[in-house]
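Feature annotations, courtesy of TrEMBL:
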type: TRANSMEM; residues: 12-32; note: transmembrane segment
type: TRANSMEM; residues: 52-77; note: transmembrane segment
type: TRANSMEM; residues: 98-117; note: transmembrane segment
type: TRANSMEM; residues: 137-159; note: transmembrane segment
type: TRANSMEM; residues: 171-193; note: transmembrane segment
type: TRANSMEM; residues: 213-235; note: transmembrane segment
Amino acid sequence: MVSAVKAAIGDLVLTFLWVVFSSMLGLATDVITKALDLHNVSYNGFHYADVIVITSLIFILVTIFTSIANALGGASFNPTGNASLYAAGVGDDTLFSMALRFPAQVLGSVGGVLVVMEYMPEEYRHFIAGPSLRVSLHTGALAEGVLTFVITFAVLLIMIKGPRSGTAKTLLLAISTVVLITVGASYTGPAMNPAFAFGWAYVEKWHDKWDHFYVYWICPFIGSILAAWLFRIVFPPPPPAEKQKKA
């Protein structure tokens, strides 16, 4: 009980911080590319300088937040991440601990968005925007589910079966994130994180609508759990120590 409460508090703090700082990525990318005179650098219409800068920023952000998460006892800012680890048989979460952690992550997200919207100067507001449905309902739901499936499988593969180097793992995570955000930008934002999506939906007053839950909660959870099950099939966990001894 105590450990579950501590985990929930850690999640609240981490999610709040993640929402605040990740919301600044667009603004930071614009400032850096302009300062380095890379704003208009492109190849066949592809602004690769922006991609390199934002990938680098995500790499730095994930590195910092990994340290913060460890300091908070393994905190998380994504409910589908907790669910996928549970489904894959990895980690210490229980259904009870997740029942406490998910609302904490949502609360942290809402708080983070409110702070960003309160203190971001009006002239920079166009750089911050949460996930939004830009296609039909079912297309968006399918897109968010597939994107969450892919990022979940990629995270499990990188973190559990990937390189030993923490730096290499973080770089691969950053690249995977940028690729999927680019792919999903014209569909749902995307979020690939129900708590993150809820924070922005709350501010935009559609957090209690069926469309939001269908696209940004139900389908991502289905995608993440299916990815975890597939990972468990492809990479089955080792048998318990007792069975190994008997064998």
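In case you wondered, yes, glycine gets a Cβ from its N, Cα and C as well.
Curation plays no part in TrEMBL annotations; they are all automatic predictions.
Contact between the transmembrane segment (98-117) and the transmembrane segment (213-235) is not supported, since fewer than 3 Cβ pairs fall under 8 Å when only residues 6 or more apart in sequence are counted. Tertiary proximity for the transmembrane segment (171-193) is limited to same-chain residues at least six positions away from its ends with a CB under 8 Å from its CB atoms, namely 51, 54-56, 58-59, 62, 77-80, 130-135, 139-140, 143-144, 147-148, 150-151, 154-155, 158, 162-163, 215-216, 220. Long-range Cβ contacts of the transmembrane segment (12-32) within its own chain (Cβ-Cβ under 8 Å, at least 6 residues beyond either end) map to 38-39, 50, 53-54, 57-58, 61, 65, 68-69, 72, 75-77, 104-109, 111-113, 115-116, 124, 127-128, 195-196, 199.
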